[in-house]
Amino acid sequence: MPYELKHVFASLPQMERGVAKVIGGDPKGNNFLYTNGKCVIIRNIENPAIADIYTEHAHTVTVAKYAPSGYYIASGDASGRIRIWDTTQKEHLLKYEYTPLSGKVKDIAWTEDSKRIAAVGDGREKFGAVFLWDSGSSVGELSGHAKLINSVDIKQTRPYRLALASDDTCGSFFEGPPFKFKFTMREHSQFVNCVRFSPDGNRFVTAGADGQMFLYDGKDGNLISTLGGEKAHKGGIYAISWSPDSSQLISASGDKTVKLWDVGAGTAVTTFNLGSDVTDQQLGCLWQNEHLLTISLSGYINYLDKNNPDRTIRTVKGHSKSIQCVTVHKKDGRPHIYSGSHDGHINYWDAETGENDCFSGKGHSNQVSQMVTDDSSELVTCSMDDTLRYTNINKTEYSASDVVKMDFQPKSVSVAAGGLSLAVCIGQVVLLKNKKKVFTMDNLDYEAEVGALHPGGWKVRLYSVQGNTLKDEGKTIELTGAITDMAYSNDGAYLALIDDKKVTSVFTVKNNFYGHHAKPVTLAWSPDNEHFATGGMDMMVFIWTVSDPDKRIKVPGRPHTCTHSCLACTQTYTALSGG
């Protein structure tokens, strides 16, 4: 039975305060790319809902850059490894792999003929290397710095020149190939975060944590001027990107602004204010054709409008941390996917288009452990911040009043008709009705992990709901291992359970379903009540048929950026059963 990958709902960049984020631009103008965890995310610049994921790195990927030809991408990771891979095929076949550094790769640059690569970052023996792309042979020595190198760029016209920016407060200038050190640039007083040549090669600019930018001659490296006088920004500058015609550039700063500069005049033409929160600090930018993109500390990707600096054209939202739980609900007749992440963020996605947004207001402050929807269009979530939260899906904003503080940390939540909710907490099980606690079970002789309320009013495993209380019916279900998740089918006819012995069991039809090679940790029913899906730590998703345990669809997953193997992580799969 075939399955089909329909959409990839991409993660945002993984951000770190005070650390620049490099955005790579497709020389053909179609895509941009960035990194999160062990993944390189490629997104269509016109429609960022169209995305692809490269997942072949064994360590955290830190930077990725297109070759000027557009046919290959070079990506570097935290171990110092560079992988060069194909962009024209969906398999992204590996072309070459090298380890030029012994530590984190911070930046990559290609020569305009796509034959030489410079890689810089951290390392024990050296902080940078420049080599031939097809053999790894050295074409120069990137020396002259006492601390890690943050940024590198190569002049895209002959004669080739190379410039570096380092944590030792200096930049440096090289001629080549083979590239040889010429001199040190000492204008900055703090870390130098970024260096970029103009597309025509006539000039290059350095930007630093001191809020200053300096303009140099692209051929001889001589200082021309400063941009913006003594201070270009009130905060540190983390990234710069030139306009295609080399007359302007944009700069991204920790002062939460992006500035557009007339390089010839040395003055800022436009200032974009991106907000007032710490998460609005700007750590990356890209000028791609007519698109001006920046990345906030929150991971949000902002499309700037030169004609209206007070409002973005588009802000791409999503998750930058691992997704812990997911559910599906129809809104306005269209299926939407709701996802909760490790940092308490909740996002919702149009399942057909990939368009997404998040709830406004103040939500959970810690990991969202589980989420379900009820018949009244409310999303019920439980979190490691010790709360249950009820959020109206149609209003798309958090309610300050619809929050229930729990005595202990909740691990699972289930809902049923009549306003019932069941929260399984550490050492406690709580029944709620109309968002109020009505019954609590303490001092249990077992440690409850998950719970489920029958759609008709019955609670999973041992208890029946009678009014506002739970009554022990003396009913138990024997399984081979500890239960990791369970769910009733939508019509209440079947109960599916998965355990840490890699067994899936379905009642009332008592069948066992075998297939996972590692612990299954999550399951979900299809609307027809005939199929259900399980996801496991073996990075596999199986789609099962209730009446036939041997009839299954195996969906091999991609490596997750998190340790929790949920049915949707950095990417979301839609599997079709083929009828």
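A Cβ is built for glycine as well, from the same backbone N, Cα and C atoms used for every other residue.
Here is what TrEMBL says about this protein:
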- 54-95: repeat 'WD' (REPEAT)
- 185-226: repeat 'WD' (REPEAT)
- 230-271: repeat 'WD' (REPEAT)
- 316-355: repeat 'WD' (REPEAT)
- 513-554: repeat 'WD' (REPEAT)
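The residues of the repeat 'WD' (513-554), classed with DSSP into helix (H, G, I), strand (E, B) and coil, number 0 helix, 27 strand, 15 coil. Most Cβ pairs under 8 A with the repeat 'WD' (316-355) among the ranges 54-95, 185-226, 513-554 are made by 513-554. Counted with DSSP, the repeat 'WD' (316-355) comes out as 0 helix, 23 strand, 17 coil. When the repeat 'WD' (185-226) is classified with DSSP, helix, strand and coil residues number 0 helix, 22 strand, 20 coil.
When the repeat 'WD' (54-95) is classified with DSSP, helix, strand and coil residues number 0 helix, 20 strand, 22 coil.
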